[in-house]
Amino acid sequence: MPKTISVRVTTMDAELEFAIQPSTTGKQLFDQVVKTIGLREVWFFGLQYQDTKGFSTWLKLNKKVTAQDVRKESPLLFKFRAKFYPEDVSEELIQEATQRLFFLQVKEGILNDDIYCPPETAVLLASYAVQAKYADYNKDAHTPGYLSNEKLLPQRVLEQHKLNKEQWEERIQVWHEEHKGMLREDSMMEYLKIAQDLEMYGVNYFSIKNKKGSELWLGVDALGLNIYEQNDKMTPKIGFPWSEIRNISFNDKKFVIKPIDKKAPDFVFYAQRLRINKRILALCMGNHELYMRRRKPDTIEVQQMKAQAKEEKNHKKMERALLEDERKKREQAEKEKEKIEKEKEELMERLRVIEEQTRKAQQELEEQTRKALELEQERKRAQEEAERLERERRLAEEAKSALLQQSESQMKNQEHLATELAELTSKISLLEDAKKKKEDEALEWQTKATMVQEDLEKTKEELKNKVMSSHVTEPVHGENDNDEGDESSAEASAELTSAAAYKDRSEEERMTEAEKNERVQKHLLALTSELANARDETKKTQNDIIHAENVRAGRDKYKTLRQIRSGNTKQRIDEFECM
């Protein structure tokens with residue numbers, strides 16, 4: 001039995017190990033990878049490797065893995081990457097797994113500065129990346145420093161602004177909060193919708209020369225072929241949509257593109273190496289096929305995938321809605337519980353106050369009762385004293401009467417008796433005064449006792465009312481593989497004609513996400529203003545200067561596309577030859 005070969009395939013978020021046979025083809029390995037990761041939108045992807053000369057190359061699916069220029073090491077190393085890009089991510093990327101792989105690959109390209117991204121857009125994209133990873137911002141879980149170990153911005157952007165790590169985090173965190181309620185997969189899609197408007201997104205650049213020998217860049221992307229000047233990879237000068245191209249071929253380093261327009265001459269350029277022409281041909285064939293496929297009705301398989309994805313998304317939305325409803329109910333229950341606890345505390349405090357008031361009232365009542373008893377005793381004593389004085393007065397009256405009688409009978413002792421009578425009269429007068437005084441005192445004590453009794457009755461009534469009010473009831477709460485050609489082959493060609501989609505150039509009518517989406521537009525304007533004060537103008541790169549000039553001129557990716565495709569094919573080819 002032949003000895004197996006170890007293979008390691010690295011996707012954007014996983015590392016896979018396989019054992020393959022020496023006879024295993026590129027397609028068999030590719031199929032094994034996509035099956036393992038559960039990917040169905042396979043036409044965008046390919047397996048990339050470094051050949052023995054150190055060049056990055058795509059694995060040919062129709063050849064044995066071992067027959068290709070793969071470095072003989074163990075394990076054999078491959079990267080599973082997007083080889084072709086969609087025109088519109090929101091229309092073409094169906095599966096969540098596909099969306100995630102594109103999101104991670106595009107994010108890596110932006111962070112590595114392979115795709116130029118202006119600072120304000122970089123911060124906004126970073127906030128979507130944070131939402132995709134951490135979900136909704138939570139101040140209790142996402143404490144200061146929660147992004148300190150994350151690479152979220154290109155190094156160029158960090159160096160161009162006088163902001164420290166904490167200040168960058170603060171800005172990203174503010175926009176992270178703005179995305180509350182957005183699903184992780186929706187955050188990734190929002191990231192891609194903005195990123196696809198970046199000028200360098202999805203473009204494969206190749207160094208070429210025209211017949212004059214001018215050094216230029218050829219850009220191959222989902223929409224066609226574009227020509228760039230040597231010092232500007234962001235603003236194409238001439239464009240050819242796939243619908244204008246009939247045939248592409250190369251002979252050694254010479255590459256020939258035949259337009260559909262028979263009046264137009266061939267579009268000829270020269271590459272530095274034969275292998276570059278092979279790669280250009282493969283990319284042209286793949287991108288052209290996808291371009292035409294998009295302009296035809298969806299296949300049954302794609303229709304099924306879209307229906308399934310829609311069903312899964314709706315199911316997730318329902319689950320999300322249920323979870324959100326549960327969260328709201330839980331928050332409401334917590335609020336109710338807090339309210340009940342607060343009401344309970346308030347009631348307990350009121351009860352304590354009432355009890356304190358009752359205790360004080362009871363003390364006052366007892367004091368008043370004691371005073372009332374004392375006053376009653378005083379009254380009784382005064383009354384007894386008055387009665388005693390009354391008795392003494394009567395006795396004095398009787399004595400006076402007796403003395404008068406004696407006075408009549410004993411005239412002899414008249415002087416003596418008169419003196420005695422005067423004394424008794426004086427004594428009687430004093431006793432009457434004392435009696436009157438005691439009667440007045442008794443009356444005064446009687447009045448005081450009556451008032452105390454009334455106060456006592458009033459206090460009893462108040463106490464009764466307070467006790468009644470204290471009984472408060474608490475509330476009840478409740479790929480078509482595109483062979484780049486054999487290394488021995490120095491020429492190849494491919495027919496690209498497809499009359500059905502010749503006139504469909506809807507991409508020229510597109511608008512950027514910022515132009516369509518007012519919310520994104522506002523966010524970008526706010527970020528531009530916010531970062532302006534911290535920007536170090538001395539650290540601007542060539543791309544920054546080009547971008548700023550494009551913004552000032554009112555140009556964007558799609559307006560530029562319309563402009564560079566204007567005029568007939570012949571005019572544009574002539575323009576290319578003059579560059």
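These residue numbers are counts, starting from 1, taken along the chain as shown.
Glycine residues also receive a Cβ, built from the backbone N, Cα and C atoms like all the rest.
Note that the structure is a prediction, hence the values are computed from the model and not measured.
As annotated by Swiss-Prot, coiled coil applies to 306-448, 517-551. Taken from Swiss-Prot, the feature compositional bias 'Low complexity' covers 490-501. Per Swiss-Prot, the feature domain 'FERM' maps to 5-295; the stated evidence is sequence analysis. Here Swiss-Prot flags 308-341, 376-418, 464-519 as region 'Disordered'.
Each residue of the region 'Disordered' (376-418) gets a DSSP state, and the totals for helix, strand and coil are 42 helix, 0 strand, 1 coil. Only residues 6 or more beyond the boundaries of the coiled coil (517-551), in the same chain, are considered here, and those with a CB under 8 A from a CB of the stretch are 116, 118-121, 123-124, 156, 159-163, 167, 171, 175, 178, 194, 199, 231-235, 560. Note on the domain 'FERM' (5-295): mean pLDDT across this stretch is 93. According to DSSP, the secondary structure content of the region 'Disordered' (308-341) in residues is 34 helix, 0 strand, 0 coil.
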